[in-house]
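Feature list (source: TrEMBL):
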type: COMPBIAS; residues: 93-107; note: compositional bias 'Polar residues'
type: COMPBIAS; residues: 488-497; note: compositional bias 'Polar residues'
type: COMPBIAS; residues: 504-513; note: compositional bias 'Acidic residues'
type: DOMAIN; residues: 13-474; note: domain 'Major facilitator superfamily (MFS) profile'
type: REGION; residues: 93-117; note: region 'Disordered'
type: REGION; residues: 488-513; note: region 'Disordered'
type: TRANSMEM; residues: 12-35; note: transmembrane segment
type: TRANSMEM; residues: 130-148; note: transmembrane segment
type: TRANSMEM; residues: 155-177; note: transmembrane segment
type: TRANSMEM; residues: 189-210; note: transmembrane segment
type: TRANSMEM; residues: 222-245; note: transmembrane segment
type: TRANSMEM; residues: 251-271; note: transmembrane segment
type: TRANSMEM; residues: 292-310; note: transmembrane segment
type: TRANSMEM; residues: 330-350; note: transmembrane segment
type: TRANSMEM; residues: 357-377; note: transmembrane segment
type: TRANSMEM; residues: 389-409; note: transmembrane segment
type: TRANSMEM; residues: 416-435; note: transmembrane segment
type: TRANSMEM; residues: 441-462; note: transmembrane segment
Amino acid sequence: RWLKEGRESRTLVLVVVFVALLLDNMLLTVVVPIVPTFLYTTEYEGANSSAAPDQMESAPLAYKAPPFSSMFSYFDNTTVTVLDYSADSTTEQANMTESSSLPQLPDTSPPPESSCLEGEEFLTNENVRVGLLFASKALIQLMVNPFVGPLTNRIGYHIPMFIGFVIMFLSTVMFAFSGTYTLLFISRALQGIGSSFSSVAGLGMLASVYTDDSERGNAMGIALGGLALGVLIGAPFGSVMYEFVGKSSPFLILAFLALLDGALQLCILQPSKIFPESTKGTPVFTLLRDPYILVAAGALCFANMGVAMLEPTLPIWMMQTMCSPKWQLGMAFLPASISYLIGTNLFGVLAHKMGRWLCSLIGMVVVGISLLCVPLAKNIYGLIAPNGGLGFAIGMVDSSMMPVMGYLVDLRHTSVYGSVYAIADVAFCMGFAIGPSTGGAIVRAIGFPWLMVIIGVINIAYAPLCWHLRSPPAKEEKIAILSQECPMQTKSHSTQKSLRDFPLTDDSDVETE
């Protein structure tokens, strides 16, 4: 009885989608602080390990040179001041021992500075490799999405959702035990396939369950809150676990949580049953020719491209300029994630009242300004304000544009949502594919600050296009249906159109049935 009620509950469907997006985005961001430092320790330090024995051999020679070595080391072990005092007051022989011991002090006393500057060329080149690794997930997702959308129209959302969980679980386990760049790359690409299935099916399922526009906006806001929470927990969780427990630990915990999500899906969604859509959905290519859908997709793409460019480049820039320890590399993204969580939940409700086009326009301008401020930071505390503004603004854009995608399909096409959310996911992926892959190359060519200027200006320049989403025109046969079902939404249409279309109400009612 409990299962039967659960399967009919819209809230539990929302919970399943929330958890799936949470885990997907935790896995997406948990690798952000781990990969640059992991590759640095395994590859750069591994390559330079042959130089280490030579340094170890030269160190004892420095101790053997002065004849009073043993005497001074005794004083050095007890009190440092005795050595300094003797260096000031004794004869030339003492000065010789001082000069022989001074070169050894810089080698041992400031390890953070030397580790910060060491291998700068390796770190600069690593920008490109890390960028490609992060982009591989989005590139694969980009290729798979166009097939997943029509597939959900044919067999329903439940089976693709479960396929996404299975692939995600395999990817997480692979990450835990990958020790080379190639294996990490394959794990990341595999995650792209799983992510494509779970996100397209999840968002499409929500749009089909929540038919009312304002309810759908709230549900999308909550689901994107799961995405935000994943981004929020991922990077700090990954950096802390990697620093204090080990590389495999965050991935094994995520694999366990993924199993719980799979069990929840088996109970609630019944992924063995096929639930095809009753009406034939609009083809993907027809939707891609719709300029209003393209404007909404572009807003999603460019807003998310900003944070996508930061993911591979910011930790390496921090290692070079701020000498940041491992745990700080993930913590730098914490303000962005917290503010994104607040932004998506706040504007899921507010955007419907103030106008989703306006919310998105303001969001893109704030994204641009925040990105321009990132290079001004001198330490991790300087990153709090720009990253916080960035996360809040992306939350505004995402929570506005996701319901707009569903609304545009209702208004201008057939109300089947698999394909349009495949396009929305493609827009995300374009941002997360182009961002890291080009970002790394741009940093190597002209530097990190200029990268932030370029993407910041692009966001500010794109923002005015959101004005076109203020009152998109409906297809003629749709206006009459919408005037009956939700009169609030069709205020913006001219009276001549609505009068001309009223004779079509009978036919359109038959179509919807």
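Cβ from N, Cα, C; glycine included.
In TrEMBL, annotation is done automatically, which means it is predicted and not curated.
Packing against the transmembrane segment (222-245) from elsewhere in the chain are residues 14, 17-34, 37-38, 202-203, 206, 253, 325-334, 336-338, 340-341, 343-345, 348, 391, 395, 398-399, 402: each is 6 or more residues past its ends and has a CB under 8 Å from a CB in it. Long-range Cβ contacts of the transmembrane segment (12-35) within its own chain (Cβ-Cβ under 8 Å, at least 6 residues beyond either end) map to 6, 130, 133-134, 137, 161, 164-165, 168, 171-172, 175, 184, 188, 191, 194-195, 198-199, 202-203, 205-206, 209, 219, 222-231, 233-235, 237-239, 242, 247, 250-251, 254, 257-258, 260-261, 264-265, 268-269, 311-312, 315, 326-327, 329-330, 333, 337. Tertiary proximity for the transmembrane segment (189-210) is limited to same-chain residues at least six positions away from its ends with a CB under 8 Å from its CB atoms, namely 10, 13-14, 16-17, 20-21, 24, 27-28, 136-141, 144-145, 148-149, 152, 157-158, 160-161, 163-168, 170-172, 174, 216, 218-220, 223, 402, 406, 416-418, 421-422, 424-425, 428-429. Using the rule of three or more Cβ pairs under 8 Å, pairs at least 6 apart in sequence, the transmembrane segment (389-409) is in contact with the transmembrane segment (330-350). The stretch with the most CB contacts under 8 Å to the transmembrane segment (357-377), chosen from 130-148, 292-310, 330-350, 416-435, is 292-310. In terms of C-beta pairs under 8 Å, the stretch of 130-148, 292-310, 330-350 lying closest in packing to the transmembrane segment (416-435) is 292-310. Packing against the transmembrane segment (130-148) from elsewhere in the chain are residues 28, 31-32, 35-36, 39, 160, 181, 184-185, 188-193, 195-197, 200-201, 284, 308, 311-313, 316, 418, 422-423, 425-426, 428-441: each is 6 or more residues past its ends and has a CB under 8 Å from a CB in it.
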